[in-house]
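Colleague: Copied straight from TrEMBL:
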BINDING   Arg89, Gly120, Asp141, Ser186  S-adenosyl-L-methionine binding site
BINDING   Glu187, Glu190, His191  Mg(2+) binding site
Amino acid sequence: MFSRSLYQLQKVSRSSRLYRHDSSISSKHAVLAAFQSLLHNRPYAATPQPTVSVSSLNQTELAKFAAIADSWWDVEGPFKPLHVMNPTRLAFLRSTLCRYFGKDPFSAKPFEGLKFVDVGCGGGILSEPLARMGASVTGIDAVEKNIKIAQLHADLDPAASSIEYRCTTAENLVEEQMEFDAVIASEVIEHVADPAEFCKSLSALTVSNGATVISTINRSMRAYATAIVAAEYILHWLPKGTHEWSSFLTPEELVLTLQRASISVEEMAGFAFDPLTGQWSLTDDIGVNFIAFGTKKKSIV
């Protein structure tokens with residue numbers, strides 16, 4: 001299912017400047033310290049929290065992420081698992097979206113000319129590399145502090161400064177009648193109050209013949225053992241209580257939910273973590289972490 005070219009893309013993703021980190025530990029800490037100082041001292045215009053008539057927001061989940069928002073760009077902090085997974089997520093996105101939209105996956109900016117929205121963008125760790133690959137990116141998050149951090153970090157890099165960050169929800173963008181070539185919700189759906197309504201909003205934001213991509217965690221016993229017990233309570237990769245097993249969706253449930261929202265899932269892959277190398281890779285095993293690529297077919301009136 002996964003060709004040699006996809007493997008090569010993973011190597012490109014890992015080695016490119018999209019994921020560069022400071023080679024010196026001391027310089028990394030200095031950058032983080034300066035960034036934190038900017039965050040707490042920079043004046044901001046008041047940005048109201050989003051309000052919608054029908055919302056899939058889960059206030060408890062929002063509070064969890066607001067509490068650790070300062071750590072989004074600390075690669076050794078609570079979001080380290082997402083930083084480590086990011087090259088693999090992006091390899092899947094590059095491969096599937098380039099194939100679907102007829103783009104060259106090996107070009108420097110394969111997504112040039114395409115409009116993406118990163119729903120639940122957090123601090124922008126996925127939005128930034130997508131923008132560097134040429135996409136016109138809108139990053140949205142319901143936590144105002146996340147958006148402030150994302151904008152601050154993007155301002156440090158001219159290649160990412162074009163991202164439009166907004167403290168809002170998918171539902172609000174639907175009300176504004178916004179549409180995108182690709183709608184991406186990575187590690188978000190397990191934190192919303194109503195997955196079905198959330199998927200309807202994602203579908204409404206996707207243009208006809210556009211793409212919708214969702215990554216999440218399977219509601220399996222293996223996922224409970226690894227993503228919750230091991231990751232949160234034994235290895236302490238994530239803060240305790242980050243995930244609720246009952247909020248996970250099985251791949252079958254996600255496919256059906258998207259289908260009811262007019263999104264047809266065309267491809268699915270799993271993410272596998274190798275503790276020896278400390279890296280993630282794409283796999284056919286969707287028993288724990290998985291990602292789904294779907295398309296919204298043009299309606300026939």
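Our numbering is plain: 1 for the first residue shown, then up by one each step along the chain.
Just so it is clear, glycine is given a Cβ too, placed from its N, Cα and C backbone atoms.
Quick caveat, the model's predicted, so the values are computed rather than measured.
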Colleague: Give the distance between the Cα atoms of Gly120 (S-adenosyl-L-methionine binding site) and His191 (Mg(2+) binding site), rounded to the nearest whole Å.
Modeller: 10
Colleague: Cα-Cα separation of Glu187 (Mg(2+) binding site) and Arg89 (S-adenosyl-L-methionine binding site), in Å?
Modeller: 11
Colleague: Arg89 (S-adenosyl-L-methionine binding site) to His191 (Mg(2+) binding site): how many Å between their Cα atoms?
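Modeller: Rounded to the nearest whole number, the Cα-Cα distance is 19 Å.
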Colleague: Work through the binding-site residues one by one (Asp141, Glu190) and point out the residue whose CB has the fewest other CB atoms within 10 angstroms.
Modeller: Glu190
Colleague: Between any two of Arg89, Gly120, Asp141, Ser186, the residues recorded as binding S-adenosyl-L-methionine, what is the biggest Cα to Cα distance in Å?
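Modeller: Among the residues the record ties to S-adenosyl-L-methionine, max Cα distance equals 19 Å.
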Colleague: Using a 10 Å radius around its CB, how many other CB atoms surround His191 (Mg(2+) binding site)?
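Modeller: 22, counting other Cβ atoms within 10 Å of His191 (Mg(2+) binding site).
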Colleague: Give the distance between the Cα atoms of Glu190 (Mg(2+) binding site) and Asp141 (S-adenosyl-L-methionine binding site), rounded to the nearest whole Å.
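Modeller: So the alpha carbons of Glu190 (Mg(2+) binding site) and Asp141 (S-adenosyl-L-methionine binding site) sit roughly 15 Å from each other.
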Colleague: Starting from each candidate's C-beta and looking 10 angstroms out, tell me which of the binding-site residues Gly120, Glu187 has the most other C-beta atoms.
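Modeller: Highest number of other Cβ atoms within 10 Å: Gly120.
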Colleague: Return the residues near Ser186 (S-adenosyl-L-methionine binding site), defined as same-chain residues 6+ apart in sequence whose C-beta is under 8 angstroms from its C-beta, sorted by sequence, else 'none'.
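Modeller: Within the chain, Ser186 (S-adenosyl-L-methionine binding site) has Cβ neighbours under 8 Å at Arg89, Asp118, Gly120, Leu126, Val213, Ile214, Ser215, Ile291.
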Colleague: When you measure from the Cβ of Arg89 (S-adenosyl-L-methionine binding site), how many other Cβ atoms are you left with inside 10 Å?
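Modeller: Looking across every protein chain shown, the total is 24.
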